[in-house]
């Protein structure tokens with residue numbers, strides 16, 4: 001697309017970053033200054049009743065600065081990148097029609113990628129194929145299926161852990177249904193995002209600072225009633241660890257504690273470690289991201305001013 005045709009597109013802002021990097025706080029500050037409306041880009045914040053462990057903005061913050069695409073699914077329901085793209089495009093169109101600018105804030109990089117580049121035409125899930133895969137896993141173990149994936153799609157196998165049955169079974173399912181690998185199909189993108197996007201990433205300057213923030217926030221969540229929140233989900237009886245909601249960082253570890261699999265101290269340790277691993281994956285995504293302007297979360301006023309400097313001209 002030429003620069004001239006790109007300039008004629010409506011404007012949008014991406015504010016990306018790892019967990020515990022201060023994205024939401026900066027977005028709320030920007031909302032006070034710029035003609036923007038916030039859209040959440042977070043695969044955990046979509047779930048109702050999952051507030052403390054996801055660091056969801058509180059009621060007071062949401063009253064002052066509404067966020068779209070929060071609390072749109074029950075934890076028993078799935079929500080795909082395709083679902084997100086559809087919903088986000090509808091919200092962006094609504095915001096643009098009102099003469100304002102969509103500000104998309106979050107850390108689910110797969111959602112940002114799907115929105116920006118479009119989605120490859122993957123086949124829909126097939127219950128029969130999935131059942132066959134799960135039967136094979138029950139008989140031979142997931143390690144055996146991972147070796148099978150390595151033979152047909154080594155690129156996907158290198159990316160998917162043998163202990164991740166959800167992604168492993170999906171990669172095999174795609175191959176069995178279409179005869180093409182997940183890697184082949186995902187190299188074919190769909191429609192690009194019809195917006196002129198200004199992209200920002202916020203993170204602390206050092207990994208140690210981010211690790212400190214993550215540990216501090218996990219303990220704050222525990223002090224705020226995270227265990228009681230997960231106990232309420234646990235007591236429902238219809239939720240389990242195969243669901244994306246309960247596999248969210250922190251929830252999975254607390255669930256193991258409630259099931260008596262691990263001690264409280266082990267839950268805290270694993271929860272902090274899993275959150276750090278998530279942050280590492282998010283930063284790895286962002287380092288390979290083109291056209292992103294990095295902001296230092298330890299200098300919030302400077303970060304805000306840098307965004308205003310870049311975005312101010314388009315918001316005037």
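The chain as shown is numbered from 1 upward.
Cβ coordinates are placed from backbone N, Cα and C, and glycine is handled just like the others.
It should be emphasised that the depicted structure is a prediction, and the values quoted were computed from it without experimental measurement.
The feature region 'Interaction with substrate tRNA', as given by Swiss-Prot for the ranges 241-246, 247-252, 253-258, sits at 247-252. From the options 161-165, 166-170, 171-175, the stretch Swiss-Prot describes as region 'Interaction with substrate tRNA' is 166-170.
Swiss-Prot lists region 'Interaction with substrate tRNA' at one of the ranges 280-287, 288-295, 296-303, 304-311, namely 280-287. In the three-state DSSP classification, residue 130 (site 'Interaction with substrate tRNA') falls within a helix. Sequence-distant contacts of the region 'Interaction with substrate tRNA' (166-170) (same chain, at least 6 residues past either end, Cβ-Cβ under 8 Å): 125, 130, 133-134, 137, 142, 145-146, 149, 160, 182, 242, 244, 247. The Cβ of residue 23 (ATP binding site) lies under 8 Å from the Cβ of 15, 16, 17, 105, 106, 107, 202, each of which sits 6+ residues away along the same chain. By a simple count of nearby Cβ atoms, those within 10 Å, the most crowded of the recorded positions 19, 21, 24, 108 is 21.
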